[in-house]
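Lifted from Swiss-Prot, the feature list:
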BINDING   GLY133, PRO134, PRO135, GLY136, CYS137, GLY138, LYS139, THR140  ATP binding site
TOPO_DOM  1-15  topological domain 'Mitochondrial intermembrane'
TOPO_DOM  35-360  topological domain 'Cytoplasmic'
TRANSMEM  16-34  transmembrane segment
Amino acid sequence: MVHGEAFSRPLSRNEVVGLIFRLTIFGAVTYFTIKWMVDAIDPTRKQKVEAQKQAEKLMRQIGVKNVKLTEYEMSIAAHLVDPLSMLVTWSDIAGLDDVITDLKDTVILPIRKRYLFENSRLLQPPKGVLLYGPPGCGKTMIAKATAKEAGCRFINLQPSTLTDKWYGESQKLAAAVFSLAVKLQPSIIFIDEIDSFLRSRSSSDHEATAMMKAQFMSLWDGLDTDFNCQVIVMGATNRPQDLDTAIMRRMPTRFHINQPSLKQREAILDLILRNESVDSHVDLMEIARGSDGFSGSDLKEMCRDAALLCVRDSVNNSSEESPCEEIRPIHQQDLLRAIDKMKRSKSATNQNVLMHVSLD
């Protein structure tokens with residue numbers, strides 16, 4: 001009877017406050033416990049939250065409004081590149097005039113002048129473009145300049161973005177790549193070193209990897225069935241022979257970005273040294289002849305070494321009484337010394353590669 005009366009009597013004010021306090025403590029402990037367990041189960045949760053914030057920031061920068069994105073699309077959107085923030089233009093690329101002209105005709109013109117081509121299926125921009133050739137010859141620069149010139153949203157897709165330890169998540173991320181690109185079209189999905197991601201399939205491939213590749217190619221095929229879709233998959237590789245034949249079929253437009261010829265090297269050197277302090281007696285044609293086999297990246301590094309020689313000489317010839325006030329111009333001899341250094345470096349690298357090959 002006493003117990004019944006205790007339950008039936010109203011709670012005092014202190015008891016109510018105490019009960020609310022205990023419930024609050026219990027709720028807070030439960031919340032943080034669950035949050036800790038979720039974070040422990042998914043260690044990438046923090047990175048996903050940061051990626052979402054980055055994606056929202058990029059979406060605002062490129063002027064995309066009122067577009068709802070899924071969680072997976074947000075993860076991909078973190079790799080968006082604002083075309084206005086790209087500093088690469090056609091004027092930054094020398095010696096590839098033929099490639100640039102073909103790209104303008106086959107890719108850029110159908111996007112920028114869409115109204116001229118909308119009634120023809122043959123004149124639509126290709127759904128796959130492959131840039132292949134030796135390293136350091138400007139493939140990535142060409143892709144960025146193409147996106148900027150065409151006014152496309154640029155998704156710089158990293159293969160690691162599509163890998164997830166949870167079963168089925170990689171396929172969802174692959175689907176998000178294309179659904180996001182369609183929402184933001186015109187857009188370019190750029191995959192650098194595409195051979196590392198979509199290499200020839202074999203029976204030794206992991207099941208999840210094989211399923212993700214199949215999903216990616218299936219969604220890629222979907223672009224061809226949509227007549228008005230303006231999404232282009234652009235890949236760059238220096239090992240086209242490693243690409244899956246099914247991928248090659250989906251990239252019918254191909255551009256070979258080869259090692260620069262003599263005239264191309266001269267044009268590249270002129271571009272690199274255009275805004276630098278260079279002696280008027282420098283003969284770029286002679287430098288171009290001496291740099292046979294150099295890529296565009298090699299030529300830039302060679303010119304940097306020549307400029308550093310000028311800095312070193314200016315600093316060494318200065319003293320406390322007469323400090324260095326300006327750096328002397330780049331001379332012909334500086335460039336020739338830089339060529340010798342680059343050749344020794346390339347020769348040593350090739351020897352190391354051969355040693356590793358022979359050991360294997």
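Backbone N, Cα and C define each Cβ position, glycine as well.
Same-chain neighbours of the ATP site beyond GLY133, PRO134, PRO135, GLY136, CYS137, GLY138, LYS139, THR140, judged by a C-beta within 8 angstroms of the site's C-beta center, are, in sequence order, LEU131, ALA236, ASN238, ILE257, SER295, GLY296, SER297. Taken residue by residue with DSSP, GLY133 (ATP binding site) is part of neither helix nor strand, so it is coil. Listed in sequence order, the residues of the same chain lying 6 or more apart from GLY138 (ATP binding site) and placing their CB within less than 8 Å of its CB are ILE93, LEU96, ILE257, GLY296. For the binding-site residues listed here (PRO135, THR140), the lowest count of other CB atoms within 10 A around the CB belongs to PRO135.
Looking just at the topological domain 'Cytoplasmic' (35-360), the mean pLDDT is 80.
DSSP assigns THR140 (ATP binding site) to a helix in the three-state reduction. All chains included, 23 other C-beta atoms sit within 10 angstroms of the C-beta of LYS139 (ATP binding site).
Of all Cβ atoms in the protein chains displayed, 18 besides its own lie within 10 Å of the Cβ of GLY136 (ATP binding site). Sequence-distant neighbours of PRO134 (ATP binding site): residues of the same chain at least 6 apart with a C-beta under 8 Å from its C-beta are ASN238, ILE257, ASN258, GLN259, SER295.
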